Amino acid sequence: MRTSMLKSIVRRSSTAGASYVSRRGFASGSAPERKVAVLGAAGGIGQPLSLPMKLNPLVSSLSLYDIAGTPGVAADVSHINTRSEVVGFAGEEQLGKALEGADIVIIPAGVPRKPGMTRDDLFNINAGIVKSLCTAIAKYCPNALVNMISNPVNSTVPIAAEVFKKAGTYDEKKLFGVTMLDVVRAKTFYAGKAKVNVAEVNLPVVGGHAGITILPLFSQATPKANLSNEEIVALTKRTQDGGTEVVEAKAGKGSATLSMAYAGAIFADACLKGLNGVPDVVECAFVQSNVTELPFFASKVRLGKNGVEEVLGLGPLNEYEKQGLEALKPELLSSIEKGIKFAKEN
């Protein structure tokens, strides 16, 4: 694949509309030095995520960490002729070096879903992994923005918050659950049904990041389309079950790794733009929130130099969406409380 084609995958898909990040005309001295660390970089999401992060011209240093296998991944992507320098770190003893000086830490570490598994089934394994990684973040790069991909996000974000609180480093503006894949899916499915250009589609997805806690607000989608109630219900369910659709299609050989890596790269790019002072960077993310009575909630967030500049409201909801919002709250609250309980007891 030609380099120009590869670079095209580093894209910013914001609520202001999609635009491509291009290195053409980009002088290495015109953007600040930014270090991005990927924890779990040798895994199913980590490897394909490392590629677009290497391609992103806003990244000057790319730190790839995993318990094993990272030197090979780092050697591979380091040969790509883009700005960032790449270093691979393997084993817990190298975690501190991987994190030191990081501006953004992306966490896709942990085990993936397999057929028949729910995100709750992942909890017992991934909760401990996330807790240990966040303990190291609090020690080695306490001011970094943390992009949590490890599932179940509805629980791992509260775990991270509790770890940071205990360490005295918690800043609610700097912790994000990455729900961008829900937005990516909703845009794709909506565009296909509405027969509109997917690059022009803009719609928020709110709530959480599992099953019925995922609430796409198709009533706010643009370009507008005259879809029936039945079509909206079907699109909503497909968005909610998107992960299961991929797990079943891969028949035991993986989960939604490639699309998640793409979505993770888009969100990290938005965070980098925010850090660099680009105005009006708005994406959906699972953050500490006052939008509802729940302590964490996914909605549109304005990103800036300190992470979250503003958590935006839900906007007008139709009756179907209002029902969906009320229906998701008990399950989302239960997942949040499960994460908090784990962090406090372990």
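Every residue, even glycine, has its Cβ placed from backbone N, Cα and C.
Automatic prediction, not curation, is the source of TrEMBL annotations.
Copied over from TrEMBL, here are the features:
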- His209: active site, proton acceptor (ACT_SITE)
- Gly40, Ala41, Ala42, Gly43, Gly44, Ile45, Gly46, Asp66, Asn126, Ile149, Ser150, Asn151, Met260: NAD(+) binding site (BINDING)
- Arg113, Arg119, Asn151, Arg185: substrate binding site (BINDING)
- 35-177: domain 'Lactate/malate dehydrogenase N-terminal' (DOMAIN)
- 179-342: domain 'Lactate/malate dehydrogenase C-terminal' (DOMAIN)
Worksheet item: Which number gives the other C-beta atoms within 10 angstroms of the C-beta of Arg185 (substrate binding site), all protein chains shown included?
Response: 25
Response to the item:
Between the recorded positions Arg113, His209, the one whose Cβ has the fewest other Cβ atoms within 10 Å is Arg113
Item to complete: Return the residues near Gly40 (NAD(+) binding site), defined as same-chain residues 6+ apart in sequence whose C-beta is under 8 angstroms from its C-beta, sorted by sequence, else 'none'.
Response: Gly46, Tyr65, Asp66, Ile107, Pro108, Ala109, Gly110, Ser150
Worksheet item: Since the record lists Gly44, Gly46 as binding-site residues, which of them has the fewest other Cβ atoms within 10 Å of its Cβ?
Response: Gly44
Item to complete: Mind looking up the mean pLDDT for the domain 'Lactate/malate dehydrogenase N-terminal' (35-177) in the predicted model?
Response: 96
Worksheet item: Around Ala42 (NAD(+) binding site), how many other CB atoms lie within 10 A of its CB?
Response: 22
Worksheet item: Which value in Å gives the longest Cα to Cα span across the NAD(+) site residues Gly40, Ala41, Ala42, Gly43, Gly44, Ile45, Gly46, Asp66, Asn126, Ile149, Ser150, Asn151, Met260 as recorded?
Response: 18
Fill in: Residue among binding-site residues Ala42, Gly44, Asn126, Met260 with Cα closest to the Cα of His209 (active site, proton acceptor)
Met260
Worksheet item: Which Cβ among the binding-site residues (Asn126, Ser150) has the fewest C-beta neighbours inside 10 Å?
Response: Asn126
Practice prompt. Using C-alpha positions only, work out which of the binding-site residues Ala42, Gly44, Asn126, Met260 is nearest to Arg185 (substrate binding site).
Written response: Met260
Worksheet item: Between Arg113 (substrate binding site) and Asn126 (NAD(+) binding site), what is the CA-CA distance rounded to a whole number of Å?
Response: 11
Worksheet entry | Rounded distance in angstrom between the Cα atoms of Ala42 (NAD(+) binding site) and Asn151 (substrate binding site) | 17
Practice prompt. Between Met260 (NAD(+) binding site) and Asn151 (substrate binding site), find the distance joining the two CA atoms and give it rounded to the nearest Å.
Written response: 11
